[in-house]
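Listed in Swiss-Prot:
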type	residues	note
DISULFID	C97-C179	disulfide bond
CARBOHYD	N5	N-linked glycosylation site
CARBOHYD	N167	N-linked glycosylation site
TOPO_DOM	1-25	topological domain 'Extracellular'
TOPO_DOM	47-57	topological domain 'Cytoplasmic'
TOPO_DOM	79-97	topological domain 'Extracellular'
TOPO_DOM	119-142	topological domain 'Cytoplasmic'
TOPO_DOM	164-196	topological domain 'Extracellular'
TOPO_DOM	218-244	topological domain 'Cytoplasmic'
TOPO_DOM	266-271	topological domain 'Extracellular'
TOPO_DOM	293-331	topological domain 'Cytoplasmic'
TRANSMEM	26-46	transmembrane segment
TRANSMEM	58-78	transmembrane segment
TRANSMEM	98-118	transmembrane segment
TRANSMEM	143-163	transmembrane segment
TRANSMEM	197-217	transmembrane segment
TRANSMEM	245-265	transmembrane segment
TRANSMEM	272-292	transmembrane segment
Amino acid sequence: MEIENHTLITKFLILGLSDDPELQPILFGLFLSMYLVTLLGNLLIILAVSSDSHLHKPMYFLLSNLSFIDICFISTTIPKMLVNMQSQIKDISYIECLTQVFFFNIFAGMDNFLLTLMAYDRFVAICHPLNYTVIMNPRLCALLILMFWIIMFWVSLIHVLLMNELNFSRGTEIPHFFCELAQVLKVSNSDNHVNNVFMYVVTSLLGVIPMTGILMSYSQIFSSLFRMSSTVSKYKAFSTCGSHLCVVTLFYGSGFGVYFSSSVVHSTQRRKVASLMYTVISPMLNPFIYTLRNKDVKGALGKLFNRVASSPSCINDIRNKLLLRSVRQIL
């Protein structure tokens, strides 16, 4: 097969989840439903946190940011997959692939950082409650999130610039449902040693460091829980951490599963399933996990629904509050 320079490559072939034509309508309906549920669930959390003054706390500020990132995360991959399923065309342009790699890495990294920051927030709230408002002040949270955005922007940009130097064959097939960086590197025809080294170093750092922070936070939290004499206090403290633990387990478990399965089990289908867990299932379930046992969020959602049902001007009020909150954060 003739090797073409990357500047002449105009498209890749995304093999998707299945080659069976009869399954395409079923998969299309399934993933469209999951995508819409994810958008609705996470948007409701953002609106609930923004519209209720009782939720203007660091914990819920981080939760609303996580919901925004989850919307962006799933929107990086699923819409293109749905278009390909509907049109029965598996093409993705070279520019689209680079763009998908760029934004996918940004949002995956932001998910990582936010989960770590949320674990630290829970640690401060339980282990240092008297200093909570001093340590977890809104300005610090906003600065940390901005710093994470800057870090992930440059990391993703370097990934894309290195990938842009690779050569690919005409008609290259990517055995995945989106342009995952590791899969794109595997199908290149040029020396990708630098790309692989950078990818594994970044993946290790972005996986090990945040995970270490989460483990250290929860080790201190559990130590404090064991020292509590009141059962009610233990239950209340654990209930604030249970949802976050579920999300962390789902995200990191499936994320690490992708890389372990890539190196140990050479099964493309298993790798796709593992990728689905943290790219689709995790963003979809997060709103349900966080609201299932959270009375404050459920109460805010109830008030939001009541206001929408009773007042036609409610949407304008919410929009104005969102704009006002954005201006305050900038200032």
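The backbone N, Cα and C atoms fix where each Cβ goes, glycine too.
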Requested in this report: Summarise the topological domain 'Extracellular' (79-97) by DSSP state, stating how many residues are helix, strand and coil.
Outcome: 13 helix, 3 strand, 3 coil
Query raised in the report: Residue counts in helix (H, G, I), strand (E, B) and coil for the topological domain 'Cytoplasmic' (47-57), per DSSP?
Result: 8 helix, 0 strand, 3 coil
Query raised in the report: List, by number or range, the same-chain residues at least 6 past the transmembrane segment (58-78) whose CB is under 8 A from its CB atoms?
Result: 31, 34-35, 38-39, 41-43, 45-46, 49-50, 100, 103-104, 107-108, 110-111, 114-115, 117-118, 121-122, 125, 136-138, 141, 145, 177-178, 240, 279-280, 282-284, 286-287, 290, 296-297
**Report entry** Intrachain residues whose Cβ lies under 8 Å of the topological domain 'Extracellular' (79-97), provided they are six or more past its termini
**Finding:** 6, 9-17, 21, 24, 27-28, 31-32, 35, 174, 177-179, 184
Report task. For the topological domain 'Cytoplasmic' (218-244), could you work out the same-chain residues 6 or more beyond its ends whose Cβ comes under 8 Å from its Cβ atoms? Result -> 59, 115, 118-119, 122-123, 125-127, 289-290, 292-294
Report summary line: Under a three-state DSSP reduction, the secondary structure at N167 (N-linked glycosylation site) is coil
